[in-house]
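Report on the structure given below.
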Amino acid sequence: MAPSFDTLSEQDLHEEEEEEIDFSDLKAQYEVKLEEGLDTFVVIDGLPVVPEESRQKLIKFLLRKLNTVGHTSEDAVFMPLNDKNMSEGYAFVEFETPEQAVAAVKQLHGTPLDKKHTLLVNKLMDIERYGREGRIDEEYKPPAIEPFKEKEHLRSWLADPNARDQFALYRGDKVGVFWNNKNHPPENVVDRAHWTQLFVQWSPKGTYLASVHPQGVQLWGGPAFSKQKQFPHPFVQLIEFSPGESYLTTWSARPIQVEEGQSILTYEEEGKNIIVWDIATGKPLRSFVSHDLTAGPAGDAEPKKKVQWPAFKWSADEKYVARMLQHQSISIYELPRMNLLGKTSVKIDGVMDFEWSPATVTREGVKQYEQLLCFWTPEIGSSPARVAMMSVPSKEIVRTRNLFNVSDVKLHWQSQGLYVCVKVDRHSKSKKSMATNLEIFRVREKGVPVEVVDSLKDTVINFAWEPNGNRFVLITTGEAVAGAAVAPKTAVSFFAPEKKGGAIGNFKLIRTIEKKNSNAIYWSPKGRFVVVATVHSQTSFDMDFWDMDFEGEKPEAEKDFAANLQLMKTTEHYGVTDIDWDPTGRYVVSSASVWTHQLENGWNLHTFAGQTLSENPTDKFKQFLWRPRPPTLLSKEEQKQVRKNLREYSKEFDEEDRYAVDIANTAVVEKRKRVLNEWIAWIRREKELLAEEKDAYGLPEEADDPKLAKDAAATTQEQGETVVEEIVEEIIEESEEVIG
């Protein structure tokens with residue numbers, strides 16, 4: 001029978017001490033976790049010490065602060081008293097949700113309550129977790145300072161002496177980064193298996209390569225493409241960089257479930273789909289629930305939903321980011337705090353889409369800083385459809401345009417923000433036919449005048465501005481005939497402004513190419529050259545390479561236009577799905593991805609003029625991505641000087657190209673010469689040895705007679721030397737006989 005406390009002897013006590021067992025590992029393993037309900041509690045320290053009769057007054061005063069970050073009440077604030085009926089200087093507060101408790105810690109910790117008291121706010125669970133005995137060392141131990149390690153140069157590829165460009169290639173389960181070597185095979189930089197699970201994506205300036213995994217996103221960079229940052233977003237599916245690479249947006253269809261012990265994600269991210277990250281710190285700025293878009297106008301049937309992506313759109317200078325709640329509002333947030341501009345969203349009834357200007361524009365007569373945002377709303381009741389331009393941060397509408405009989409609208413900004421083209425698809429009054437007209441806003445001109453291009457008779461299916469230019473290309477198509485097996489033909493139209501002294505004239509049609517199958521437009525990033533192609537087609541795969549500033553003779557009918565159009569070459573790439581220009585505008589890659597079809601996957605390299613340099617069939621080819629370059633550091637004057645001396649530079653480049661070819665040819669010739677010289681030297685050496693042997697045996701120089709050789713062999717045997725005979729067997733004829 002086990003002894004009771006009353007009957008416990010001294011011997012029993014000593015035995016207990018001797019047999020004491022260390023249960024620390026089991027305690028750690030089976031430690032009872034705190035109730036989930038405690039994650040709504042916070043502890044507020046730094047409060048004034050007041051008597052019991054003043055406690056309620058202090059609680060009411062404290063609630064003014066607390067209700068700015070969440071919802072709580074007097075009953076949810078517990079302020080304990082000591083034996084002298086005085087408060088202890090702290091209080092326990094319960095919020096409605098864990099997110100509100102987290103917000104209280106983030107926003108109220110360290111803020112002043114009055115001139116003499118500063119609030120110290122902590123989660124109750126954190127105090128319980130870190131305040132237990134043994135969790136924190138009593139003695140201060142200085143942190144170990146790791147030795148300095150020089151970081152890799154994240155833009156080292158720009159220092160390539162031959163000014164080559166890099167590209168990423170995703171095929172099978174391998175991702176590689178290569179140098180482009182023109183006519184020669186690409187030079188491998190790095191090639192890794194299972195580098196990504198979904199896809200890879202370059203950041204806008206080429207600093208980082210992003211890989212996407214079920215655990216989140218990782219950024220790679222430097223000469224060896226080492227890991228730079230990671231962003232834990234479980235089951236992430238889509239990512240988007242800000243224009244200056246300062247921020248990253250990630251999205252997953254699955255709401256986030258924060259696991260206990262997760263170091264970066266907090267309860268504030270619980271249940272959200274979108275996270276906006278700060279790339280420099282690797283920490284989330286804010287998280288959101290995603291909004292779906294309706295796939296079409298609401299009718300009797302429930303409209304289909306589609307993912308709104310990009311969910312957030314960035315201003316050119318990254319000072320603002322905005323998202324749209326379709327049909328209701330646009331919310332504009334200020335960076336880096338991610339607080340709502342003016343603390344309210346911009347209410348816009350029926351809003352369908354919006355786009356920021358891709359560059360900071362200075363309008364005539366406007367001196368203050370602004371970013372421009374363009375949006376459109378459909379016809380609602382008797383109200384017409386509307387396109388409007390808003391100035392941020394003032395939220396002032398600076399230009400509006402009413403539209404009628406509108407089916408759809410697309411907004412196309414020119415890369416410098418000089419124009420925004422509003423592509424308006426209109427239906428006839430009977431709603432049986434469709435046509436498109438263009439409303440072009442001239443942003444920098446006084447009052448933002450609008451030019452209308454209404455000469456188009458068909459529906460525009462694609463539109464693209466020339467980068468850093470004022471010309472555009474569009475593709476139109478007629479209405480599909482019901483039951484027809486073949487899609488209607490398309491027409492490609494080229495537009496340019498009229499010459500008007502120093503000003504930019506009205507936009508006019510240069511030329512229309514009829515009876516095409518083209519459906520895609522790809523401008524060179526430097527302008528001037530454009531590829532008009534047919535992609536994602538099962539029957540047509542043509543690519544037309546056009547020059548908008550051809551240096552040859554200009555047709556008489558086009559002399560008033562700021563362009564000289566010339567088709568340089570037409571080529572085909574079977575099954576082509578994607579076309580990508582390199583960032584310098586020198587090369588074009590056409591590719592056929594296994595993500596679209598599994599027929600003759602691979603990629604082809606072309607010059608800007610359409611000459612095919614190489615064809616690269618690649619099994620299980622998925623992605624080809626040129627590495628972007630950051631904007632040039634040269635001033636406009638320096639760039640102008642470079643263009644002025646381009647012919648002189650071209651001579652140097654041509655000489656370098658010839659030298660490189662000569663070096664390659666010289667290397668081949670030198671190798672052949674070396675092998676020939678080695679052979680000649682060997683022959684000379686063998687002849688010298690043979691002459692010495694003949695001299696030793698007393699044979700004449702021309703003694704090659706077999707009889708003399710036989711006598712020489714006998715002589716060598718007499719002299720006691722060893723003779724090695726080599727027997728060579730040769731099969732003259734071989735037959736097989738079967739004996740029955």
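Glycine is treated like the rest: Cβ placed from N, Cα and C.
Keep in mind it's a predicted model, so treat the numbers as computed, not measured.
As given in Swiss-Prot:
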COMPBIAS  1-10  compositional bias 'Polar residues'
REGION    1-20  region 'Disordered'
DOMAIN    40-126  domain 'RRM'
REPEAT    193-230  repeat 'WD 1'
REPEAT    232-289  repeat 'WD 2'
REPEAT    302-343  repeat 'WD 3'
REPEAT    455-496  repeat 'WD 4'
REPEAT    513-556  repeat 'WD 5'
REPEAT    571-609  repeat 'WD 6'
REGION    696-721  region 'Disordered'
Counting Cβ pairs under 8 Å to the repeat 'WD 5' (513-556), which of 193-230, 302-343, 455-496, 571-609 comes out on top?
455-496
Restricting to the same chain and to residues at least six past its boundaries, which positions have a Cβ under 8 Å from a Cβ of the repeat 'WD 6' (571-609)?
163, 165, 167, 169, 180, 206, 520, 522-529, 531, 533-536, 541-543, 545, 547, 615-629
For the repeat 'WD 1' (193-230), distant same-chain residues with Cβ under 8 A (at least six beyond the ends):
151-157, 168, 170, 173-175, 177, 236-237, 239, 241-245, 248, 250, 279, 282, 583, 622-623, 625-631
Can you work out the mean pLDDT of the predicted model over the repeat 'WD 4' (455-496)?
90
Could you give me the DSSP helix, strand and coil counts for the domain 'RRM' (40-126)?
33 helix, 22 strand, 32 coil
Where else in the chain does the repeat 'WD 4' (455-496) make close Cβ contacts, counting only residues six or more beyond its ends and a cut-off under 8 Å?
410, 412-416, 418-419, 421, 423, 425, 433-438, 504, 507-528, 530, 532, 544, 546, 548, 561-563, 565
